[in-house]
Structures are given as C-alpha cells and as structure tokens.
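Over in TrEMBL, the protein carries these features:
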type     : residues : note
REPEAT   : 8-97     : repeat 'Solcar'
TRANSMEM : 69-91    : transmembrane segment
REPEAT   : 107-199  : repeat 'Solcar'
TRANSMEM : 111-128  : transmembrane segment
TRANSMEM : 218-238  : transmembrane segment
REPEAT   : 220-306  : repeat 'Solcar'
Amino acid sequence: MRTETQTSSAYKEYIAGLAGGLATVAVGHPFDTVKVKLQKHNTETHGVKYKNALQCSTRILTNEGVKGLYRGATSSFLGMAFEGSISFGLYSQLKQSLQGELNSSKPQLQAIIPAAASVGSIISFILCPSELVKCRMQVQGTDSLISRNDRYSSTLDCISKTYKNEGVKGIFRGGSATFLRESVGNSVFFSCYEYSRYYMRFQLDSSLSGHRDQQLKVLTDVGVGIVSGGLAGVAFWLTVLPVDVAKTVIQTAPNTKSSRNPFQILGSIYRKTGFRGCYAGLGPTLARAFPANAAAIVSWELTAKFLGIRPDRD
C-alpha cells in the first residue's frame with residue numbers, strides 16, 4: 001500500500017517531468033521545423049530540395065520570419081508537456097519498482113531498459129496525434145506543394161479536417177513508427193543518460209570531496225545535467241532517425257491509402273535517395289538534440305530538487 005509520502009513524491013516527479021517537456025519544445029522546436037521540412041522535401045521525387053539545413057532555415061526566416069520556425073508549436077507544447085510529465089515521472093517510478101531493494105548506486109540496465117521501453121511505448125500514443133498535427137502544420141509553409149485551399153489555418157483546423165476526412169484512424173496515422181521510435185529511442189536515451197551521469201558524478205565527487213560550497217555544487221549539477229542530457233539526446237536520434245523520417249513521410253502523405261509500414265517507406269526512400277535520404281534532417285536534428293535534451297534534463301533535475309525530491313533514487 002502506498003504511503004502519503006510516496007504518493008506526494010510521485011506527484012512531484014510528474015510535475016518535474018512536465019518542466020522538462022516544456023523546456024524541450026522552447027529550445028528545440030525551431031530545429032525540429034527545419035528537420036521536418038528536410039525530411040518531407042528531400043525524400044520526394046518532385047518539389048523543392050534543400051542543399052542543407054542552413055538554406056532551409058534561411059528560406060523560412062526570409063519568407064515567414066521567426067514565426068515560421070515555431071509553426072506547429074502549439075500541438076508540440078501540449079504533446080511534449082504530457083510526454084515529459086509521463087516520460088520522466090513514470091520512468092522514475094518504474095525504475096524504482098524494478099530495482100526493488102537493490103542498493104547499488106551504479107545504473108542497472110535490467111531496470112533501466114524495461115522502464116524506459118515501457119514509458120516509450122505508452123507515450124507514443126500521446127505523441128502520435130500531436131506530432132501528426134505538428135508535422136502537417138510545419139510542411140505547409142515555405143516551398144510547400146500543398147495548395148493554399150488545402151492548407152490548415154490553425155492547429156484546431158488541422159485536427160478537425162483530419163478527423164473529418166480520415167476519422168480516428170487518421171489521427172493515429174504513423175502510430176507504429178512512433179511506437180518503434182519511442183520504445184527503442186527511450187531505452188537508448190535513459191541508458192546513456194544514467195551511465196554518463198553516473199561516471200561524471202563519480203569523477204567529480206572524487207575531485208570535489210573536500211569542497212562544501214553549495215553554489216559550486218549547484219553549478220556542478222547543472223553541468224552534469226547539460227552533458228548527460230545532451231549526449232543522451234544525440235544517442236537517441238542517431239539510433240532512431242531513419243524511423244522518424246519514415247514517420248514524417250507517413251504522417252504528411254496526401255494519399256490516405258499510402259503505406260503506413262515504416263520499413264516499406266524506408267525501403268522506398270532508400271531506392272529513391274539512397275542512405276542519405278534515410279538520415280534526412282540529420283544536421284538540424286543533432287543541432288537540436290544536444291541543447292533541447294540538455295535543457296530538458298536540467299529542468300527536470302532542478303525542478304525535482306526544488307520540490308524536495310531527487311529525479312532518481314540510486
């Protein structure tokens with residue numbers, strides 16, 4: 001039976017996770033817009049092709065201004081708020097449960113991977129609809145082949161038209177690709193985060209064992225969070241970017257009867273554009289991955305400490 005203290009602690013962990021999710025969008029959404037455009041345009045046979053992320057960014061800023069980089073941010077903020085809350089909060093709970101009475105401070109893969117994969121599987125059902133709306137809003141801006149009559153005027157308009165034309169099934173288009181990306185990606189993310197954090201703290205604790213300066217300790221914690229979060233984000237996207245490319249193609253395809261199998265889509269992309277097409281958007285993805293995930297981890301950890309809990313219980 002859960003005690004009142006455990007219930008309060010669990011609630012605070014979800015609040016801390018919410019802060020992490022919001023920080024991810026605030027820092028990373030402009031990079032994500034560029035990534036989605038590269039994935040959409042540079043995997044198609046017809047239409048505008050971008051030479052690189054810089055050209056894509058320049059065209060967006062020239063034609064739409066900064067607002068263009070935050071196209072689709074409303075659904076992204078909502079989706080990532082829920083994702084961050086569930087991802088970080090539930091991960092902490094599941095990892096603690098799987099570790100049981102184990103007192104070792106060293107990360108335990110037998111607890112980390114099942115907890116992370118389970119969380120990824122769950123949040124994929126939240127992310128799929130929000131990312132479908134986000135991607136459709138993002139690709140209809142600069143250089144879009146979508147006619148002005150078929151464009152969405154707002155996030156709500158996109159949701160309404162998608163549901164009207166495709167039903168509930170349309171809202172969850174790309175679900176299998178999202179499920180695969182999140183279950184595998186989260187396992188990689190949290191494993192990398194836990195191990196990099198553990199070894200950095202091990203080294204720093206040894207060298208700073210005689211210091212009691214609280215300000216130095218806070219700065220050290222922030223530094224560790226930045227590096228471990230950034231590295232984990234890069235590892236996540238290097239692992240699952242091809243699946244994400246397939247997801248973008250599936251969710252933005254104008255033909256509602258087109259394939260939803262991510263492996264078939266990747267095979268088609270490879271035949272058209274080669275291996276490079278499977279990693280379309282790699283530049284802005286990695287440029288986004290480090291700062292966005294560093295911001296998420298630091299926000300998560302600092303909010304958890306402010307609320308009087310630890311982001312994990314090693």
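Every residue gets a Cβ built from N, Cα and C, even glycine.
Under DSSP, residues within the repeat 'Solcar' (107-199) fall into helix, strand and coil as 76 helix, 0 strand, 17 coil.
Mapped onto DSSP classes, the repeat 'Solcar' (220-306) shows 74 helix, 0 strand, 13 coil. The predicted model assigns the repeat 'Solcar' (8-97) a mean pLDDT of 81. A Cβ distance under 8 Å defines the sequence-distant neighbours of the transmembrane segment (111-128), meaning residues of its chain 6+ beyond its ends; these are 79, 82-83, 86-87, 90-91, 94-95, 98-99, 102, 171-175, 178-179, 181-187, 189-191, 194. In the repeat 'Solcar' (8-97), the DSSP tally of helix, strand and coil residues is 75 helix, 0 strand, 15 coil.
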